[in-house]
Each structure stands twice: as C-alpha cells, then as structure tokens.
Amino acid sequence: MTKFTTEEVRSKFITYFKANNHTHVPASSLIPDNDPSLMFVNSGMVQFKNVFTGQEKRSYNKAVTSQKSLRAGGKHNDLEHVGYTARHHTFFEMLGNFSFGDYFKEQAIYYTWDLLTKEFELPKDKLYVTIYHTDDTAASYWEKISGLRDDRIIKIKTNDNFWSMGDTGPCGPCSEIFYDHGEEIYGGLPGTKDEDCDRFIEIWNMVFMQYEQINKETRIELPKKSIDTGMGLERMTAVLQHVNNNYDIDLFQEIINFTENIVKVKVDGEAKFSYRVIADHLRASSFLIADGIIPSNEGRGYVLRRIMRRAMRHAHMLGAKEPLMYKLLPKLVDLMGNIYPELKIAEGFISSILEQEEIRFKTTLERGLKLLTEETKTLTKGNKLSGEVAFKLYDTYGFPLDLTEDILKNRDIAVDHKGFEELMLIQKERARTSWLGSGESKTDQLWFDIKEQYGSTEFLGYTLNEAKCKIIALIKNNNLADTIQEVDTQFLLIANQTPFYGESGGQMGDIGMIFSQDSEVEVIDTLKYLRSIIVHKCILKKGKINIGENANFNIDIKYRKNLRIHHSATHILHAVLHKILGKQVIQKGSLVTSTYLRFDINHSKAITNEEITLIEDKVNEIIRNNHEVNTTVMFTEDAIKQGAIALFGEKYDSEVRVVKIGETSLELCCGTHVKRTGDIGAFKIISESSIAAGVRRIEAVCGEFVIKLIREKDNLIKLIESSVKTNKNELITKVTNILERNKELEKELEKAHLAGLDLSIEQIKKQAEQIAGIKLLYKKVGNINNKILRQAAENLTQKLENLIVVYIAHGVGKLSITVAVSKAITDKFNAGIIAKELSLFLGGSGGGGKASIAQSGGNDIVNLTNINKKLLSLIVT
C-alpha cells in the first residue's frame, strides 16, 4: 500500500471526481450562511443544503469538495476530547462527492470502491461496509461491485445508518466504509459493544437521500434522489500513512515538530497531549479568524476564545513564557495556505489577533491557576469545585468553564455546574455588561425600579415625528422628582411612549422640543437605558413640568432626516465593503450622527486609495439607483435564515426589525432609515485610519454635507490660487515649485545659522567665561533647529580641549537646550547631566544624551533670567 501525504490524499480525491465530471466547488466559510441552527459548518453538505431541498438551483449536478469543518459548540462539541484521543479534532477537513438528482446508489458505491482500492490501493481484506438493515438494494450493489462476503457487509438497525436533515425534509439510509487496523489493536466490528474502540475505523460515509419526511408518520420517495458523502481527510491520511492516530500524520507532525523547536520540550509523556492540543487549536483558531470571527464573550467569538485559551494554557504547561501561537502561524500557512488562500490573505490579521489574545490572557492565567491550586488543595478525587470559584475564574480571570474542567480532569475533580449557572444568571440579570444599569448602585437600581413599574417605552418614531405622550418619571440629580420648575435646569424625562429615538445600534438619539400646558422643554439628547427605557435628556426653557401630565413631543425633523440618511448609508457601505474587501469583513462598531457617519471594521491593512474610490463609486451607484428601503418585523431566527446580517456582540430579542435595501443589503436594525436610497443624495469618505490592531475606521458624510465638503474644498483651492497667484490648472506645478524653493531657502538658512555660530579659537577665548579652570560659552539664540545647534556646539568643543558650550534657543512658547563638553574634560563635566538640570530648572521634564553632547527642553521663559546663576552652580560644584 503506497504511503500518501495529506496534500496528496486531498488532491487525489478531488482529481478523481473531477475526472468523473464532478465540479470542484471551493470550501465555504466556517460560518454557515444558509442554516441559522448551526454555529459552524460541520460537514461538507452544509453549503449544499438548499440544493438538496430544492430551494436553490446550481449550474452543476455533481460536485466534489474539500470542506473545512469545525465541531466545538452545540451538540457537536468535541473540545474536551481534543488532544487526548486519536481522532477528535475541533477543526478538520471533510472530503466529499455529491450528486443532486444525477447518479445514485450503484454509481456512488462504484466510485467509493474504485477510489479506495485502485487509486488509494487499500487492501480489500482490510475493508468492511455497513448498510441500513432494510436497504437490500445497497447490499446487492456492494456484493456486485466489491465482491465482499456477506460477513463483511454488516446490516445496522439503529439510526446510525439512517440520516435525516430534521423532523421533516430529505432523508435516507447510509452506508459506511470501515478500515481494519489489525488484531493487535483492540476493538470490535460496527454494531458490536466494542465498536467505539480503535481497531475498526470509519473512513467514509455515504448518505442515499431517497425519501422526504413529510411528518412523523409519513415518508415518501423523492422524485430526484441524491448522494451526500463524507470522508475525514485526517482519518484517511492516517490509514494511508500506516498510523493509528491522526496526530501522527505528516501535517500534524510538521506543526508539532515546529512547536518543539521553539519551546524546547521533548514530545513525550504528558507534553505529547499539549503539543496535540496546540496543533489542533492553532488550525481551528486561525481558520475562524480568517473567516471573520474575533475572540469575544458571546456566540462564535466565545467559542474561538475558549479554543484559543485552552491552547494557551497548554503552551503555558510546556513552559512557554512568551506568546506562542502566532509564532506557529507561518508553518500552518505554509502547509495549508495554497489550498485555502484565505489563510494567506488574512495572515497578518490572524497573527495580530493570536498575539493580542495570548498577551491579554497571560496577564491573568498565572493568577487564575494560583487561585485554582489554592481552592483545590483540600479537594480529593471525586469532589467538586464550588460554582463560586469556577465563576470567579470565569468572571475575573477569563477562564472559560471548560478550561477549568480541563485543568481538573486529570485529578478527577468535577465542577459544580448548578452553582456556576446560578451565578451566571445573577450576572445577566444585573446586566453588568451594559453601559448603564448594572444594579450595583443606588442610581442603577433606580432604572431597574422604573422598568419594573412602567415596563418598556413604546417607540412611535418609525411613523410619527410628533405625538401626545404622558410623562411618567422626572429625574433630577439621580433622584425622582414630581415637578421641575427651575428654568435652565437639566433633568431626565421618561414618558409612556415617544417619537424620540433613544441612542442605540450606533445611531445618536433625537433632539427636539416638548410642550406641556405650562412649559417648554428642550430635548438635547435621547438615550436608551436597560435596552428598553427611552430617556429624554432635557433643559427646562419656560414654566414648569409635572409628572403625570400629557405633553406634545416634537422631534427636530431636519436632525432626524440627517440621521436617517447617514444610517441607511452605513448599511449600504457595509454591503459594499463585503463586495470589495471580502466577506470576512465584520462590523466592529459604528456611529451615526446628523453630520457624518463612522464605521469600524476588522481589516488587517489600510484601505488603499483605489479601494476607497471603488467603495465610493459603488455606494453612490446604489444611491442613484434609488432602491426602495423596506422594513419588516419578524422572528430573529427567520430573519437570519433569510440571510439578514446580525452583528456580533449585539443582543437581539425574539422578534427583530429587518431593514432591506433593494437587493443590496439585509440587516437586523432598530434604527431609522430613508424610504429610498435616492434620499441619501451622495456619499463621500472623508477619512480612513487604524484605531487598533486589525481594526480600520471609515468616516464619511452624506447628502448636503457632501455639497458642503465640496464647497469648502473649492473655496480652499480658490484661496490657495489667490495666495500663490495662479489658476487651478497650474496650481500643482506652482505649489511644487514653492515647496522646492522653500527647501532650498531652509538649507541656505541652516548654513547661515551654522556660519553665524561658528567662532575661531581666538573668538571663543574672547567670548567665553573662565570658570574653575574651564571656559564656558553660553549664548541665547533665536528659533534655530536642534540639528544646527548640536552641530555648531560640537564644532566648537573640537577646537578647544577645556570648553563647555551652552545654547538656549527661544522658540514659540518653548525653550531648546543644547550642551556640549570637550571630550578631554568629560571625566569632570557631563553634558547629559547639565542638560537635564537646566531642563528641570526651566520647567522641562529633564533630558539627556552623551557625556560630550546632550539636548533637552523647557518652557519656563520667565526663569530664563536666572539661568546664569544656575549654570555657574552646576559647573563650580
């Protein structure tokens, strides 16, 4: 049997099916875009789910893939086993061939047997197959094609050999192929009590999708039958490399050996498991980040953080003192970057995230481990760690619960899950992660009390700009009030309903006026507390306002219009960024104001001028096309199923508002929007910058503010034209000439300054003061740059062996100090010390340099009159 590399196994599988008229379909993202029930893509068929159900048509009816997959959340959670067993992984590759109404059982079985026995040269006497116990058709095809005896075609009665997509939908019997590693390894045949041991290993699974489940009692034949298969690349490679452990294949061994060369710990004993965990989790972490997931405390981001921190804890166990994971990334990219180019594209970003997360976790890891050691000193085998300690490790030290369990596993100590979950529930109820309303102070408790008494504020502003509302609470200086009657007093106001939008989802709150029978109130901002109470920040302009009275609430219509314009533009921008920069782009934050918008994204490098132009052009094209903007309310699950973008870190209720902009954008959003994209008018990016490692910020203006920007720039150009006496066509040439001439003049000025400071030996002796056996030359000069002063001072100290030169340059609001000492006397006088003391004397922060030359600064110009006395004291002492 030929020995194949991992790359050769993958390549041969794909090549075989391409030769048999299958279309090679690239792997989809690990983030499913067609199945909200899945946290991650966990098999090859996920990207074809809608094809199997008939909801989607493609240009091909046969496909082959190598699909990146991940099992580390939900019911497919293999995390705790990874590294300790032979075949558990978080990240793995699933090879698969698929037929959508084309070939069926006979051809599928033929392809499988032909590829395994001829292309991969597996011995026939090493192979067993299983079928569903009623699938006589599959049994007859296996006998016909493979020639296997009846005892090697095993009928299974359980649902292990019958697959379904859910309670309803396509389903069908399965057939699995097993490889026998030999009698020297313990294990039983499929269907026996020892089937889960390591002798007989499943290497390929075929699903014969021939039925549709209508309901619990009814199942009918599908008119077009399909094939879905899956072969674990790592398992198959282990078989073809004659090893019984996936971590012994070439791909993992390369990563493990690379890691060993860095940490210098031998791969054996307990360390062996740590190396395996790191190798597996490096792959999972890197591919998740490449697909746009960032470590966080919720959802997919939290699964990523758990994986990363588990690997980092094992790196710590190997004695790694510095961040390790990012140093291993180049090896992974080298091994897998060709088949998965997203790794190469995102390498810099992945490296940055890996390093940042490890640095962040290392600061608390050792303290958390110390706490865990202290708390488990008295615990013995079979005991439980208290939920309180587990929660403290989670909340204070960033230990995911499964990391704590992983650490305690070898000591057979469990964790009190119930106690942990109770404390988690208390934390959520207190909303500690909210920017307001943690329940931990009197003020915060006030908001909980208001919410408990009055419930959520009804928002009317999607359809109304003004409304009559009842005032239910007035708050002044963090205390409830019955009446506000001091004019110009600032206070908070809550009503039963309001057309004012409370700041949320990145959109600023509304401003406007409230009129009651006896008062006029200016609303200077509108906020949202505890995600549901709309709070008006007000100033009393006239009269008095009372709790319980009705008032007319009027938003500033123009202000709201500009908010709508900029908010809708952020949705369009988001969609365009996906098209131009890639679908891995994730919104990290946004701010929608009435005058501009701000949009933060994960992106590892600066957005080029060419890309900015493309983005602007595409956004403006969508604006000009005047697409309709529709909003609907639906269940969150249904919205996501339809492809609506849900932002990571955002919390959503069971029902959400979905904003659809033509065929361009579909997002969950509670904000206010234009009716048609043409209402936006125009879009212009005004800045692009980095605000953190791997995060870029785009700022832009829309509508009338684009016109204003153009007018300002046009006026600026006209002013420059007038100043330099030229026209627009000659402006660049004229300015370039001026700048070049300015450089020449600066050089001439520097030469003049240097010449003016140069003195002959006789002039030095004449101008310098004789003190304590040395000569001191002190001069106050104008605003001359430090480079010239340094050069001039050094030139003079080279002419005399016992000279100290001190220049103090007086610039605009600051002083520059230069001190030079002849090298012959640096054993007695240190320029660095003198410069530092002078700086402190003149209000600076000190400075320094070498013994022979130093520079510093100050800003106490008044004290400059006493500098002579200070200089003398420094030299005489």
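Including glycine, each Cβ sits where the backbone N, Cα and C put it.
Here the structure is a predicted model, which means the values were calculated and not measured.
So that you can see what the record holds, here are the features copied from Swiss-Prot:
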- HIS567, HIS571, CYS669, HIS673: Zn(2+) binding site (BINDING)
**OP:** Specify all same-chain residues, apart from the site residues HIS567, HIS571, CYS669, HIS673, whose Cβ lies within 8 angstroms of the center of the Cβ atoms of the Zn(2+) site, ordered by sequence.
**Re:** GLN507, ARG564, SER568, THR570, VAL629, VAL659, ILE661, GLU667, GLY671, THR672
Subject >> Other CB atoms, at most 10 A from the CB of HIS571 (Zn(2+) binding site) >> reply: 24
**OP:** Measure the Cβ-based neighbour count of HIS567 (Zn(2+) binding site), defined as the other Cβ atoms within 10 Å of its Cβ.
**Re:** 26
Original post:
Taking the Cβ of HIS673 (Zn(2+) binding site) as centre, how many other Cβ atoms lie within 10 Å?
Top reply: 25
Original post:
Do any residues at least six apart in sequence from CYS669 (Zn(2+) binding site), in the same chain, have a Cβ closer than 8 Å to its Cβ, and if so which, in order?
Top reply: GLY505, HIS567, HIS571, ARG657, VAL658, VAL659
